[in-house]
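K.L.:
The disulfide bond annotation in TrEMBL covers 154-163, 387-405, 572-584. Summarising the annotation, TrEMBL assigns chloride binding site to 227, 556. Feature annotation from TrEMBL assigns Zn(2+) 2 binding site to 418, 422, 446. Annotation source TrEMBL lists Zn(2+) 1 binding site at 418, 422, 446. The active site, proton acceptor 2 annotation in TrEMBL covers 419. For 419, the entry in TrEMBL reads active site, proton acceptor 1. The active site, proton donor 1 feature in TrEMBL is assigned to 547.
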Ligand code: X8Z
Ligand code: ZN
């Protein structure tokens, strides 16, 4: 996620803090950049935006610090401070937006008009005007994120009690091929979210209130307003783009079902209606199927692209080194635990240096020293943290960080490249006015690192010693394409369905009484995925996906999965590459790097269509580069699926059990107290 500035989109939940004390800012507040309570008389629109930019930048570090602490040290105290900082920021945002009304209908420069528009859209959590409601909203938001971060599944009693956190359950889906063990892990993680249901229901009411104050029909319409086109147009664009990719996804789905049935048997390998069983795809949310490579590999003997084994070997080496350094004291459990933690950290840094090296090879700068000292690379042992990966710009002037719980596996390795994409975007636009320090649109921000991931070809992986000598054969090509498709193509319908659900929740077409049914109906419709047994309204399965309690809009990831192929193609062209698209890596190419950097440095200072045109020559998002890239795989899949009945029956999702949704809390009830997540 990306604490994208103005967007503050992230669950970084648009926070900005003022000072630690609670005094109201006043016009004679002498702190540089302190917000003024009332706008000076006669202030022009240009002066107004210049002031907002100053005030925004001045209050930003306190907001990000509070949020950083609450994400890297989940406790009642850190959550209280994060909620308060958020509340102060959102209150200030409301005041700025109120002040901006003076300029409605007036002549002003296009740049200022754009800044005012962006200011109104600068949070994914539109704040209610009523101070009590604002307090309630920020408390709920912080609490839900804390509940997700501290989520764990415990079994047994007394001394036999053991607890598993998300990372442990993900390990089960990654490694176990035992049907019931995977089902247990999948179900286990989904027990963390029913307690969020009531909070989420209220959260929706509160952000809708905020969105309506800003003139939007609901929060979903506000989210859809950030694309330099109308909300209806961007919704139609996502349909159009999905229509381009859907035939490819359907082939991949069909092939995957056949392989799952070969592995688990005809009955267990498919769910109702020919859908894929939600717990068998190697990922809790079925958004990336790369972990079941062992089941899906087209040609297991055509050379290995298994980088997880290589990364694990690298970790083992780091561990052996730590043990050797510990010398004679080795035997005590405490020393072994320390050695393990030190080896994890050393290995995580090594993986991150590798990712940095790609960006540096394009001519981008090395990350600042403070990045290496302030980043959270691995999961600490002594406290709960939000492990979901994110990239942070703490102060708009170089204090950039990432927050992850890195493990030595392929998924985390590519996620580091993804996160550094955000970081390099931050650094590239840091000299723009703060309101323009965002992605051209949020899908651009998500696509930067992933564009680099597309350039991580088998040859690149070989050059950095993560895979061995590569065969030049059609089998090897299909393997490489499949590896990429399991990360990219399988993601696309997931990327779409999350906000189809939230748009419906925000506009009221999905009610709390139908939250779970609507969730699984959309999973069925877009992904062709189903749970193996009924998931009635006693569950809240949407809440088990980080971005729902974290309130991070998700359409950005769908758009990113289209855009990254357009960016990749443009950078391949810039590098002078002439072969088939899927063979291109622009590693080390300074021309490609310059073009990329030019785009990044624009931030949100102009409509994204213009920024896209400068990079690719075209002004539209378009999935034809996705199809061009995967052309060999699509042909191969079609051959493999010949004679099979493909597709699925979305209406076959197991009927919800008769347990109704929990009764909604009375509207006026105070928010439930935050359960201390730690400490
Ligand atoms: O949330 C993320 C990134 C941070 S912006 C790790 N992603 C989405 C997810 O994990 O659900 C990247 C791909 C999709
Ligand atoms: Zn991201």
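Keep in mind that glycine also has a Cβ here, set from the backbone N, Cα and C atoms.
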K.L.:
Please check the recorded positions 163, 387, 446, 547, 556 against ligand 2 and give me the ones with CB under 6 A, sequence order.
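P.N.:
Near ligand 2, sequence order: 446.
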K.L.:
Quick check: in three-state DSSP terms, what is residue 446 (Zn(2+) 2 binding site)?
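P.N.:
Reduced to three states, the DSSP call for residue 446 (Zn(2+) 2 binding site) is helix.
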K.L.:
Take the C-alpha atoms of residue 422 (Zn(2+) 2 binding site) and residue 163 (disulfide bond) and report the distance between them in angstrom, rounded.
P.N.:
33
K.L.:
In whole Å, note down how far the CA of the residue listed as 'active site, proton acceptor 2' lies from the CA of residue 584 (disulfide bond).
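P.N.:
That comes out at 22 Å between the alpha carbons.
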K.L.:
For residue 227 (chloride binding site) and the residue listed as 'active site, proton donor 1', what Cα-Cα distance in Å is obtained after rounding to a whole number?
P.N.:
20
K.L.:
Just checking the recorded positions 163, 387, 405, 446, 547, 572: which sit within 10 A of the residue listed as 'active site, proton acceptor 2', CA to CA?
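P.N.:
Within 10 Å of the residue listed as 'active site, proton acceptor 2': 446.
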K.L.:
Rounded to the nearest angstrom, how far is the Cα of residue 154 (disulfide bond) from the Cα of residue 418 (Zn(2+) 2 binding site)?
P.N.:
32
K.L.:
Select the most exposed residue of 154, 405, where exposure means the fewest other Cβ atoms within 10 Å, treating these as the disulfide-bonded residues.
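P.N.:
Counting other Cβ atoms within 10 Å of each of the disulfide-bonded residues 154, 405 gives the minimum at 154.
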K.L.:
Using C-alpha positions only, work out which of the recorded positions 446, 547, 556 is nearest to residue 154 (disulfide bond).
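P.N.:
When the Cα distances are compared, 547 comes out closest.
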K.L.:
Compare the C-alpha of residue 446 (Zn(2+) 2 binding site) with the C-alpha of each of the recorded positions 163, 387, 547, 556, 572, and give the closest one.
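P.N.:
Nearest in space to residue 446 (Zn(2+) 2 binding site), counting only the recorded positions, is 556.
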K.L.:
Among 163, 572, the disulfide-bonded residues in question, whose Cβ has the most other Cβ atoms within 10 Å in this structure?
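P.N.:
Most Cβ neighbours within 10 Å: 572.
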K.L.:
Write down the Cα-Cα distance for residue 572 (disulfide bond) and residue 163 (disulfide bond), rounded and given in Å.
P.N.:
47
K.L.:
If you run the three-state DSSP split on the residue listed as 'active site, proton donor 1', which class comes out?
P.N.:
coil
K.L.:
Quick one: pull the CA-CA distance for residue 547 (active site, proton donor 1) versus residue 556 (chloride binding site), whole Å only.
P.N.:
12
K.L.:
Roughly how many Å lie between the Cα atoms of residue 405 (disulfide bond) and residue 556 (chloride binding site), rounded to a whole value?
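P.N.:
A Cα-Cα distance of 23 Å.
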